Amino acid sequence: MTEKKYIVALDQGTTSSRAVVMDHDANIISVSQREFEQIYPKPGWVEHDPMEIWATQSSTLVEVLAKADISSDQIAAIGITNQRETTIVWEKETGKPIYNAIVWQCRRTAEICEHLKRDGLEDYIRSNTGLVLDPYFSGTKVKWILDHVEGSHERARRGELLFGTVDTWLIWKMTQGRVHVTDYTNASRTMLFNIHTLDWDDKMLEVLDIPREMLPEVRRSSEVYGQTNIGGKGGTRIPISGIAGDQQAALFGQLCVKEGMAKNTYGTGCFMLMNTGEKAVKSENGLLTTIACGPTGEVNYALEGAVFMAGASIQWLRDEMKLINDAYDSEYFATKVQNTNGVYVVPAFTGLGAPYWDPYARGAIFGLTRGVNANHIIRATLESIAYQTRDVLEAMQADSGIRLHALRVDGGAVANNFLMQFQSDILGTRVERPEVREVTALGAAYLAGLAVGFWQNLDELQEKAVIEREFRPGIETTERNYRYAGWKKAVKRAMAWEEHDE
């Protein structure tokens, strides 16, 4: 009998490194997770130690195989998914980082972005990289490291230094420095990559003074990049054959591989991505244009919108307002009332993200009357997550001209049946919740497995995409539009709160 084979997904996130073993039926066999230190040298600055990222990720790989009691020769392939935009520069000769990893959340390069704005580069960046000019992305982070570590510009030009996002760093370490690659999804988050020519953008490299010599080769999201012999019993060299940034991996894990398919991840905030097929749609409505994975890991495009406050607004109810003891309680209290009694909560605690991009908006509660109680406010806070999702979806439909027929959902808050039903009601579309909630790891596993023939094609995977529950709209169009109009009015009044009158 042939020995049973498995796929390992490495999921390198912002606060922890995880490894997940899956079998051919996409069942999760074992999981290992290790947290690592968040470094805050100054307000608004966020760093990670690249060696700690590597140590935690490599140890979870060993642990996850031991937990499942399988040897490395039973692993058909490894797939990698990662926190996007986080930037690492290291020495080619020694493999030592020349500075800590600058994390996607870090705002230290705001001044560099202001200079680029003054130089009139905003439109060029949006048109060619698909991104908005913001410290979020890798390009200005690389420049900052080269500007602040003595001698590094010259060393980079001599080919002595290498740059990579987290996927690139992990593969470099796993292959003992033999392979320096990234995939199209991660490259598209650097602000250095032209999403139309599918090559590094010479103008952006020149503007930021980043030598091409230090950049990784950009490859498809599903192919064999190299092999590793790290991890567990047995000495087999395991192919590394899938890479995707975390949100694109979730999109693929949800099998949103056709034009017009979309997923929303409900975490601290919300990330919604819609696959736009072979067409890069330039957003006129505050969204990002990014690269996603097609059916065999080839380049597709997507529109992406980020909402800042989703699960975080439930935490606010619990930690600051003390209205609930546990996030799970929110559903119970929300369903104790029939509606919000006219109340709208706009959770703009740190401003508003897509599609408004208003850093001066602030949180507000509107429509308070004498009959309003705590349950109404809890319900209105949950509803705000669904309203913000509709805001992003309306922008996506306006940009793409595509009408969404079903939204696939994942993340912690999807366990809340009230929220999922209201999401369906307010969108006027089906909401599909999958049985397997580990969709980010699943996406990386699928990409890796397809590359080595572990799964033959996407049709085989469609059978495994079991929808645990489907939510369908339960309110009339007039009621839906009336409620949404109230939300829009509330948002308008919360905007520009911090701005002072001239």
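Using N, Cα and C of the backbone, Cβ positions are placed for all residues, glycine too.
A simple way to gauge crowding: the CB of Asp246 (sn-glycerol 3-phosphate binding site) has 24 other CB atoms within 10 angstroms, across all the protein chains here. Annotation comment: Swiss-Prot describes Thr14, Arg84, Glu85, Tyr136, Asp246 as sn-glycerol 3-phosphate binding site, evidence class sequence analysis.
Positions annotated as ADP binding site by Swiss-Prot, on the basis of sequence analysis: Thr14, Arg18, Thr268, Gly311, Gly412, Asn416. Long-range Cβ contacts of Asn416 (ADP binding site) within its own chain (separation 6+, distance under 8 Å): Tyr328, Ser330, Glu331, Leu382.
DSSP assigns Gly412 (ADP binding site) to a helix. Residue density at Gly412 (ADP binding site): 15 other Cβ atoms are found within 10 A of its Cβ, drawing on all protein chains shown. Here Swiss-Prot flags Thr14, Thr15, Ser16, Thr268, Gly311, Gln315, Gly412 as ATP binding site, drawing on sequence analysis.
Around the Cβ of Arg84 (sn-glycerol 3-phosphate binding site), a 10 Å sphere holds 25 further Cβ atoms from the protein chains shown. Residues or ranges marked as glycerol binding site in Swiss-Prot: Arg84, Glu85, Tyr136, Asp246, Gln247.
The binding-site residues under consideration are Ser16, Arg18, Gln247, Thr268, Gly311. Their Cβ neighbour counts within 10 Å are lowest for Ser16.
Secondary structure at Arg18 (ADP binding site), as computed by DSSP, is strand. Taking Cβ-Cβ distances under 8 Å and a sequence gap of 6 or more within the same chain, the neighbours of Thr15 (ATP binding site) are Glu35, Phe36, Gln38. The record assigns Arg84, Glu85, Tyr136, Asp246, Gln247 to the glycerol binding site, and the maximum Cα to Cα distance across that set is 15 Å. One way to see the shell of the glycerol site is to take the Cβ centroid of Arg84, Glu85, Tyr136, Asp246, Gln247; the remaining same-chain residues with a Cβ within 8 Å of it are Gln83, Trp104, Arg189, Gly245. Local packing around the Cβ, expressed as the count of other Cβ atoms within 10 angstroms, is greatest for Thr14 among the binding-site residues Thr14, Gln315. Residue pairs drawn from Thr14, Arg84, Glu85, Tyr136, Asp246, the listed sn-glycerol 3-phosphate binders, are separated by up to 15 Å at the Cα level.
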